[in-house]
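Colleague: Dumping what TrEMBL says about this protein:
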{"type": "DOMAIN", "residues": "B:14-225", "note": "domain 'Cytochrome b/b6 N-terminal region profile'"}
{"type": "DOMAIN", "residues": "B:228-398", "note": "domain 'Cytochrome b/b6 C-terminal region profile'"}
{"type": "TRANSMEM", "residues": "B:43-70", "note": "transmembrane segment"}
{"type": "TRANSMEM", "residues": "B:91-112", "note": "transmembrane segment"}
{"type": "TRANSMEM", "residues": "B:127-149", "note": "transmembrane segment"}
{"type": "TRANSMEM", "residues": "B:156-176", "note": "transmembrane segment"}
{"type": "TRANSMEM", "residues": "B:196-216", "note": "transmembrane segment"}
{"type": "TRANSMEM", "residues": "B:247-264", "note": "transmembrane segment"}
{"type": "TRANSMEM", "residues": "B:306-325", "note": "transmembrane segment"}
{"type": "TRANSMEM", "residues": "B:337-358", "note": "transmembrane segment"}
{"type": "TRANSMEM", "residues": "B:364-390", "note": "transmembrane segment"}
Amino acid sequence: MAETTTAIAEPTRRDFLFIATGAAAAVGGAALVWPFIQSMTPDAATIAAGAPVEVDLTPIAEGQIVKVFWRGKLIFVRHRTPAEIKAAEDVNVASLRDPQPDAARVKPGHAQWLIVYGNCTHLGCVPLGQQGEYKGWFCPCHGSVFDTSGRVRGGPAPINLPIPPYTFASDTKIVIGQGATA
Amino acid sequence: MSQHSSTYVPKSAFGKWFESRLPIASLIHSSFIAYPVPRNINYFWTFGAILSFMLASQILTGVFLAMYYTPHASLAFQSVEHIMRDVNFGWLIRYMHANGASMFFVAVYIHIFRGIYYGSYKAPREILWILGVIIYGLMMATAFMGYVLPWGQMSFWGATVITNILAAIPVIGDTIQSLLWGGYSVGNPTLNRFFSIHYLLPFMIAGVVVLHVWALHVPGQNNPTGVPIKSDKDWVPFTPFATIKDLFATAVFMLVFAWFIFYIPNYMGHADNYVPANPSVTPAHIVPEWYFLPFYAILRAIPDKLGGVIAMFASIAVLAFLPWLDTSKVRSTSYRPLYKQFFWILVADTLLLGWLGAKPPEGWYVIVSQIATAYYFIHFLVILPLLGFIERPLPLPNSILESVLGQKGGAGLPSGANAEPQSKG
């Protein structure tokens, strides 16, 4: 193989074939990873089961919190009393950890209905309703406190309880998940 | 260290025929029979064998449990109760598996602290040590996923809390969470893939254990003096000396294991996990298994969610850098009077973190957690590197033999010629 020492100066056809074959194998291997990773993403049945759900509001009495599930996630549907609405609105928004006025957390004209995700934004525990300093929610796991608008007012939770996508189909019916991305 | 190569010679005609085709008999002979073992190693060196036994026990019991377990969100809890009540000796196999996980961690923590005390991570054993850290990481992933499988309240909420922790990772956190969930929350796809990975990881551990033992057998075992083998008087053959000692220690360990299985099988568990998973109700107090508690305390000590996640992973990753963070040339803590004190403070700090991890994160528990977390990192990142320069170590024995027999027995050897070159004294 003495003559191959000259190949250092000038690439040969064999060098090209080595690099091209290696590159093709690397790209092919990487491409094969894709379907395996994709197989771990939510499958069609899971997505289909995550279709929007309707919630009839008529049986939910004033002051009551009802738990519903959408996409396996817990959602609180809370029929707020006038006092709770007033408490949520009479807050200096600038003083909040995650500043949001109450009006931005309910649908216009439906201030008595608060719909929020039911897992604490800290580590996902379920907060207890009508408890804590602000009578909104209190998380028993790590002590996060939420007000009657579901906004964080104390404890380790970084943000407010998020609002799921929903619309009012009528005054007594909401559709949770309407307009959500798959 | 001088390698004492195998003297294995097959005696039978079949042995010779086989040996020339697959030399596995001579490999076993050189690795586990003729292999030179420092004559002064103590019972802390038996935990490698105990851990091998625990891995085998977990795989064996796990394979049998998988014959009856159903990885489905609506059937998993029932199938575990079915194992407990209906399957012949199912209760025994499940208790062996559940308590075996705890005993596995008991053994690995003793093994790790033995390595830290006797400087077993120092050159030329860095790769051996890092492989051990990898095994430990795989063990934690396996244990976490295994605890999810019974699909009780602690299973479900443990999975929820841990996967929410991963979502704090910037940019890719949400993707990782979605890939773990296989849906929009912890649910049936999550349980399915956790079962699959829980079954896979022990075999990956077994693979890394082979590398770990291989990396051990190149430089040979460390010993309580940290002085390497220098002459044939420093070692004894693996069989019968280490073999019998390992078997005896494993038998004693099995007594403790059996005591847990037969007398307090649920002591290490949580009563909440005998309540089926319910996504609308959280247990009053979510606590991980005891072997995760120090890391859970570190996670919660940091008031920032992402910061807590980083600190938790860093507290484990820092172990891999130990060979370079420890600047002392002396391996064994027995000859390091200053470091010996800091070693025991670290042990106490880790135990304190474990105790704090089981407490609610409120009031002074949080403050103490933060101090203990800070100390944990200060130990590895500040104290350990500085001590190597400050400390004046005690004189090392000239040889393993001398340390065993004292100066009198070692008098026959030219002591100066064999003096440990790493000694700073």
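Placed from the backbone N, Cα and C atoms, the Cβ positions cover glycine too.
Provide an account of the burial state, proximal residues and distances for the features listed.
Modeller: Looking at the domain 'Cytochrome b/b6 N-terminal region profile' (B:14-225) alone, the prediction's average pLDDT is 95.
Sequence-distant contacts of the transmembrane segment (B:91-112), counting only residues of its own chain at least 6 positions beyond either end whose CB sits under 8 Å from a CB of the stretch, comprise 44, 47-48, 50-51, 54-55, 57-58, 61-62, 64-65, 80, 83-85, 132, 136, 139, 143, 146-147, 253, 256-257, 260-261, 265, 268-269, 289-291, 319.
If one looks beyond the transmembrane segment (B:127-149) by at least 6 residues along the same chain, the residues whose Cβ comes under 8 Å of a Cβ in the stretch are 69, 71, 76, 80, 101, 104-105, 108, 111-112, 115, 120-121, 155-156, 158-159, 162, 190-191, 194-195, 197-198, 201-202, 204-205, 208-209, 211-212, 215-216, 219, 289, 291-292, 316, 319-320, 322-323.
Distant neighbours of the transmembrane segment (B:156-176): 144, 147-148, 185-186, 190, 194, 277-279, 282-283, 286, 288, 299, 305-306, 308-309, 312; these residues of the same chain sit at least 6 beyond its ends, with a Cβ under 8 Å from one of its Cβ atoms.
Sequence-remote contacts of a segment are chain residues at least 6 beyond its ends whose Cβ falls under 8 Å from one of its Cβ atoms, and for the transmembrane segment (B:247-264) they are 43, 46-47, 49-50, 53, 92, 95-96, 99-100, 102-103, 107.
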Colleague: Based on Cβ pairs under 8 Å, which of the stretches B:196-216, B:306-325, B:337-358, B:364-390 lies most in contact with the transmembrane segment (B:43-70)?
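Modeller: The stretch with the most close Cβ contacts to the transmembrane segment (B:43-70) is B:196-216.
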